[in-house]
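Undergrad: Please find one structure pasted underneath; my questions will follow.
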Amino acid sequence: MGAPLKLTGVAASEGVAVGPAFVHAPRELRPERESIPKGTVEEEIGRFRGAVEAVVRTLTQTAEEMRASGSGSEAEIFEAHAEMAEDPELHSEVEERVGDLTSPEAAVLAVGEEFAALFAEADDEYLAARADDVRDVSSQIAAELMGGRAAGLAALEEPCVVLARNLAPSDTARIPRGVALGFVVAEGSRTSHVSIMARSMGIPAVVGVGTALEGAFGANVVAVDGTEGYAVADPDEATVTAFEERRKGAAAEATALEEYKGIEARTGDGRRIEVSANIGSAGEADGAISWGAEGVGLFRTEFLFMERPELPTEEEQYAAYRGVAEAFGNRPVIVRTLDVGGDKDLPGVSQPEEENPFLGWRGIRMCLDVPELFKPQLRAILRAARHGNLKVMFPMVVEVGEVRAAKALLDECRGELEGEGTPFGEVEVGVMVETPAAAICAASLAPEVSFFSVGTNDLVQYTLAADRGNERLTRLQSADHPAVLALIERTCEAARAAGIWVGVCGEAAGEPAMIPKLIAMGVTELSMSAPSIPRAKKIISET
């Protein structure tokens, strides 16, 4: 047993664990042959198509099993992978190369790597993380062409902490339930699929530890702290004891918090505070409800537009919004309209290259400029509103004119639906307060809307000029900064004067130290990641 080695990374999935180390180091997948003989092109294209069908069947079956077990967010990862495997552009590129006598396995790996490189160049963390998904899908097809994957992680039997340079969703899904105690991964971020999968599975995880992971490959035991974002290889006895005590304490706290899932959150003096969930896909609705969500304070709709060759139709969007509305019944679901910019490619939408997409043509700015993108979403939201309690809010607002223009388009959509005889419901309209401009102009914005939702993540980075993806600026990435607090308070004062309510949907909404401060300012709705809800309700009851 070597000396203890601390590995610092990103806190991807909270919790602590200690266990034997298992190093997942799969051999690089190499094509068995680079070329094919003349006269075999049609046969090899047939083999490629057969391999795609087999991979899609496996991915679809995995997704169905996960949905049946209530893991909707995991299921959607595999559904997206199945769509990637069937991407016509991928097929066209591969089959063209096979026509030039490249073997299908070599072609699919090469094309997959080229597609992945395009994703990896994106400034947006979420989109860059999709590069690994493309590699995963192309590797699965290549492996199928070469006779299938080795057992690897699927053969694990004893509980262990998995160490890996990267973990693709297909790797994670193959691990038998209850075997993985924790993950320590060299690559990745909080939005990587390994992080999403770990949170869904309730497994502590630290990602982004970098090349330091190689120093832990010889470790016998690893301790993982997914809450603070570090791991210790070959920890000493005192560290192991401390981790075990924390693990037991966390388990006891989780049991104690169970009672808060089903209660309405009220402060000590009786004020009602609505505690809602932030969700990024329709499949997360059931999980959020199980954690005690009283609604959805932020339904990110970008998932419908990503990783696909064409824009989603109005019908596809309607089905997704209706599904969430029906899942929550009369509880409120706030749908944020599309919030993408030049850092994400949207099919059929001409987007300029920008040096800083986060300060560029994004959010409500893009949507107002491209009504053919915006109106189908607004129509779908209005139609889905018949099936629940939907509200709509607009992102990246900086002036009153944007709100009025968006509301005018919403009215236009109402008129169209009415003229067609298509049933629809009414929605309250709100705006995200995530720019200093919106907070400073809150008194002008308030008469135009029914609510404000403060997006603290972006408000912090825009107010403090601190990129939230820059690890060197971590100390500045806090909503507790006096300047940020002043902007939130100004927003609450403007809302109070106009008789509208204020919610918070950034990370600060679930931070124990911030909850009492936000309530004191007049915030009446807090929206956070679903697992944070029981603890937030407890804190509210003690405030």
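Including glycine, each Cβ sits where the backbone N, Cα and C put it.
Annotations per TrEMBL:
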ACT_SITE  His193  active site, tele-phosphohistidine intermediate
ACT_SITE  Cys505  active site, proton donor
BINDING   Arg300, Arg336, Asn457, Asp458, Arg468  phosphoenolpyruvate binding site
BINDING   Glu434, Asp458  Mg(2+) binding site
DOMAIN    8-130  domain 'Phosphotransferase system enzyme I N-terminal'
DOMAIN    157-229  domain 'PEP-utilising enzyme mobile'
DOMAIN    259-542  domain 'PEP-utilising enzyme C-terminal'
Undergrad: Can you give me the same-chain residues 6 or more apart in sequence from Glu434 (Mg(2+) binding site) with a CB-CB distance under 8 Å?
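TA: Non-local contacts for Glu434 (Mg(2+) binding site): Pro395, Met396, Val454, Gly455, Thr456, Asn457, Asp458, Leu459, Tyr462, Gly506.
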Undergrad: Helix, strand, coil: count each for the residues of the domain 'PEP-utilising enzyme mobile' (157-229), based on DSSP.
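TA: DSSP classes over the domain 'PEP-utilising enzyme mobile' (157-229) add up to 22 helix, 19 strand, 32 coil.
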Undergrad: Of all the recorded positions given, His193, Arg300, Arg336, which has the fewest Cβ neighbours within 10 Å once its own Cβ is left out?
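TA: Arg300, out of the recorded positions His193, Arg300, Arg336, has the fewest neighbouring Cβ atoms within 10 Å.
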Undergrad: Quick check on the recorded positions Asn457, Cys505: which one has the highest count of other Cβ atoms within 10 Å of its Cβ?
TA: Cys505
Undergrad: I need the CA-to-CA distance for Arg300 (phosphoenolpyruvate binding site) versus Cys505 (active site, proton donor), whole Å please.
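TA: About 11 Å separates the two Cα atoms.
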Undergrad: Over all shown protein chains, what is the count of other CB atoms within 10 A of the CB belonging to Asp458 (phosphoenolpyruvate binding site)?
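TA: A count of 20.
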Undergrad: Write out how many residues of the domain 'Phosphotransferase system enzyme I N-terminal' (8-130) are helix, how many strand and how many coil, based on DSSP.
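TA: For that range the per-state counts are 77 helix, 16 strand, 30 coil.
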